Amino acid sequence: MSDVEDATAFLGEWGRFQQQVFLLLCLTVIPNGFTGLSIVFIADTPPHRCLIPAHVNLTAAWRNSSIPLEEESHSGALVPSKCSRYKLEDVQSFSDRGLLPGVDVNLSYVATEHCLDGWEYDRSVYISTITTEWDLVCDDRWKNPLTSSLYFCGVLTGSFISGQFSDRYGRKIVLCVTVALQTVFAVIQVFASSWAVFCAIYFLVGMALISTYVTAFVLGTEILGPRVRTIYSTAGVSLFFAGGYMLMPVVAFFVRDWRMLRLGLALPGILYVPLWWYIPESPRWLLSQGRVEEAEAVIRAAAKRNNIEPPSVIFGSLKKELQSEGRRAHNICDLLGSRNIRWISVTLWLVWNTLTIAYFALSLNTANLHGNAYFNCFLSAVVEIPAYFLSWVMFRWCSRRLSLFSTLFMGGVFLLFIQLVPTNLIYVSISLEMMGKFAVTTAFALAYAYTAEVYPTVLRNSAVGACSMASRIGSITAPYFIYLRSYSISLPYILMGSLTALSGLLSLLLPESYGMPLPDTITHMQHFPGCCKKTPYTLTHREEKENKAERKSPVLP
C-alpha cells in the first residue's frame with residue numbers, strides 16, 4: 001500500500017477532479033466555524049437587574065433606588081446588584097410615607113431579597129438570548145457554561161462514533177449522513193421549549209458537526225496528492241472554518257434574536273444535499289478493505305474528469321499485500337496496541353487536550369473583552385486567517401515537531417504575559433490575547449495535519465477521531481476557565497498559558513514525519529523516541545526492503 005501514491009501519480013496533483021474534491025470538502029467545514037461558537041451570542045448575558053413590577057406603586061426616587069449597590073470584583077466600582085433588591089414591602093412602605101432614599105432612610109439598613117419577580121434585561125444589544133429567555137443568571141448562572149460543555153460532550157461522542165463508523169463503513173456515507181443530521185438537528189433546536197431541551201439537541205448538533213469535520217478532513221487527506229494534501233490539511237479546511245467563524249458575528253449583528261439567528265445559520269445546510277453525487281469514496285480506504293475494483297473505478301472516474309487516459313491495471317501489484325494486512329479488521333483499540341503507537345497516541349491526546357482548552361476558552365471569551373462584542377468576535381476570527389497561512393508554510397517547509405513546539409510555547413508565553421499588563425492598558429491586554437489566539441490557532445491546524453500524517457490509512461479516521469474525542473475533555477472544561485473570571489481576571493490566563501507552554505515542551509517527544517510517505521499500515525508508522533522496535537505485525541516483502549533501506553540511510557525519530 002506504500003505504492004498507492006505512485007500508482008495514482010498519473011492523475012496529476014491539481015486537475016479538475018482534485019479541485020472539485022478540495023472545494024466541496026472545504027465547503028462542508030463552514031458550519032463548524034459558526035455553529036459551536038455562535039453560543040457566544042446565543043447565550044450571552046446582557047446587563048440585568050431585579051425586576052420591579054410595573055403595578056407596584058413607587059415614587060420615581062424609590063423606583064430608581066430599589067436596587068442595592070455592590071462593589072464590582074475586578075474594578076472595585078459600585079454597580080447595581082444583579083441578583084438582589086431591597087425588600088419590596090419595605091420600599092413600598094417608605095414610598096407611601098413620602099420618605100426619600102438616602103435622606104430620610106439609610107439604605108444600608110434596609111433588608112434585601114432575591115429577584116422574586118424575575119429580571120429586567122438590557123435590550124440595547126440583544127432582542128433575546130437563551131439567558132434572557134430562561135433566566136440563566138444568579139443562582140442559575142452555572143447553566144450558562146454548562147450549555148457549551150454539553151455541546152462539547154456531543155462533540156466528544158461524535159468524535160468516537162464517527163471514527164469507528166468511517167473506518168468500518170466508509171468516509172463518504174458517514175460524511176453525507178452527518179451533514180444531513182447537523183442541519184436537521186439545528187432546525188429542530190430553533191423550536192426548543194426549555195433550556196434542557198435546547199441542551200439535549202445541542203448535544204446532538206455537536207455530535208453531527210464534529211463527525212462531518214473529521215470525516216471531511218480525513219477524506220481529503222487520503223484523496224489528494226502530497227503537495228495539495230499539505231495545503232488542504234492546514235490552510236484549506238482551516239480557512240473555510242475561519243470563513244464560517246467570520247460570517248457568524250456579521251449575521252449575529254443583524255439578527256439579534258437567538259431563534260432567528262440559529263435558524264439563519266442552519267438553513268444553508270440544505271445546499272449540501274448534492275454532495276452525495278459529487279464527492280467520491282476514498283480509494284485508500286477502499287484498498288484498505290480489499291475492494292480493489294471499486295478503488296480502481298474511483299481512480300478511472302477521476303482520470304476521466306482530468307481528461308487523462310488511465311493504465312489498464314492500476315493497483316494490480318498491491319493485491320497480495322492488501323489481502324494480508326489491509327483487510328485485517330482494525331478498531332480504536334489498535335491505537336494502544338503496541339508500545340510505539342501507544343506513546344504517540346497518549347502524547348497527542350495530551351497536546352490536543354491543551355489546544356482545545358486554550359482555543360475554545362479564548363474564542364468564547366470574546367464577549368467579555370472590552371469594547372463591542374461583535375467586533376471582538378470578528379477580530380478573533382480574522383486573526384485565524386494569517387495563522388492558517390502560517391501553518392501551511394510551516395507544514396510545507398519546516399520540521400513538524402519544531403513547528404508544533406514553537407507555536408504552542410509562544411502561545412503560552414503570550415497568555416502568561418497578560419497578567420503583567422496594568423489594568424488601564426486594556427488594548428495591550430487584548431493584543432496579547434489575540435497574539436495568543438494566533439499562536440494557538442496555528443498549533444491547532446498543525447496538530448490536525450500532523451495527526452492525519454503520522455497515523456496509517458487503516459486507523460487514520462479512528463485516530464483523528466480519538467484525538468478529537470480526547471481533546472473534548474479540554475473543550476468541555478473551557479467554558480469554566482472563562483467562568484473563573486468571576487474570581488480573578490488573570491487566573492484563566494495563568495492556567496491556560498502554563499498548560500499551553502508545557503504542552504509545547506511535551507510535543508518535542510513526537511516523531512518527525514516531515515518528508516515521509518503517508519503510512520498505510522501500522523508497520524509503516526514513524527517511531528516514538530525510545531520505541532525503536534517494529535510493532536509485532538508480520539512484515540511484508542516490501543517492508544523488509546524498506547527496513548534495509550532505512551539501515552543504509554537511517555531516519556531520525
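First residue shown is number 1, and so on along the chain.
Placement of Cβ uses the backbone N, Cα and C atoms for every residue, glycine included.
Residues or ranges marked as transmembrane segment by TrEMBL: 20-43 (among others).
Regional average pLDDT for the domain 'Major facilitator superfamily (MFS) profile' (90-515) in the model is 82. The feature domain 'Major facilitator superfamily (MFS) profile' is assigned by TrEMBL to 90-515.
Look at TrEMBL and you will find 173-195 (among others) tagged as transmembrane segment. With a cut-off of 8 Å between Cβ atoms, the residues of this chain six or more beyond the transmembrane segment (173-195) that come close are 28, 31, 35, 130, 134, 136, 143, 147, 158, 162, 165-166, 201-202, 204-205, 208-209, 211-212, 215-216, 219, 259, 262-263, 265-267, 269-270, 272-273, 275-276, 279.
Annotation comment: TrEMBL describes 201-219 (among others) as transmembrane segment.
Sequence-distant contacts of the transmembrane segment (231-255), counting only residues of its own chain at least 6 positions beyond either end whose CB sits under 8 Å from a CB of the stretch, comprise 22, 25-27, 29-34, 37-38, 41, 213, 216-217, 220-221, 224, 261, 264-265, 374-375, 377-378, 380-382, 384-385, 388-389, 391-392, 395-396, 441, 445-446, 448-449, 452-453. What TrEMBL lists as transmembrane segment is 231-255 (among others).
The annotation transmembrane segment is assigned in TrEMBL to 261-279 (among others).
What TrEMBL records for 343-361 (among others) is transmembrane segment. For the transmembrane segment (343-361), same-chain residues at least 6 beyond its ends with a Cβ under 8 Å from one of its own Cβ atoms are 148, 152, 335-336, 404, 408, 411-412, 415, 436-437, 440-441, 443-444, 447, 451, 454, 463, 466-468, 470-475, 477-479, 481-482, 492, 496, 499-500, 502-503, 506-507, 509-511, 525, 528, 530-531.
The feature transmembrane segment is assigned by TrEMBL to 373-395 (among others). Long-range neighbours of the transmembrane segment (373-395) within the same chain, counting only residues 6 or more positions beyond its ends whose Cβ lies under 8 Å from a Cβ of the stretch, are 33, 37, 40-41, 44, 125, 230-231, 233-235, 238-239, 241-242, 245-246, 248-250, 252-253, 362-363, 366-367, 403, 407, 430, 434, 437-439, 441-442, 445-446, 449-450.
Here TrEMBL flags 402-420 (among others) as transmembrane segment.
Counting same-chain residues at least six beyond the ends of the transmembrane segment (426-451), those with a Cβ under 8 angstroms from any Cβ of the stretch are 217, 230, 233-235, 237-238, 348, 351-352, 355, 358-359, 362-363, 365, 369-371, 376, 379-380, 383-384, 386-388, 390-392, 394-395, 400, 403-404, 407-408, 410-412, 414-415, 417-418, 463-464, 467, 493, 496-497, 500, 504, 510, 513. Residues or ranges marked as transmembrane segment by TrEMBL: 426-451 (among others).
Residues or ranges marked as transmembrane segment by TrEMBL: 489-510 (among others).
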(message) Counting Cβ pairs closer than 8 Å, which of 20-43, 261-279, 489-510 has the most of them with the transmembrane segment (201-219)?
(response) 20-43
(message) For the transmembrane segment (20-43), give me same-chain residues lying six or more residues beyond its boundaries with a C-beta closer than 8 angstroms to one of its C-beta atoms, as numbers and ranges.
(response) 126, 129-131, 136, 144, 147-148, 151-152, 155, 175, 179, 182, 186, 205-206, 209-210, 212-213, 216-217, 219-220, 223-224, 228, 232, 236-237, 239-249, 251-252, 258, 261-262, 265, 268-269, 272, 275, 278-280, 305, 363-364, 366-367, 373-374, 377, 381
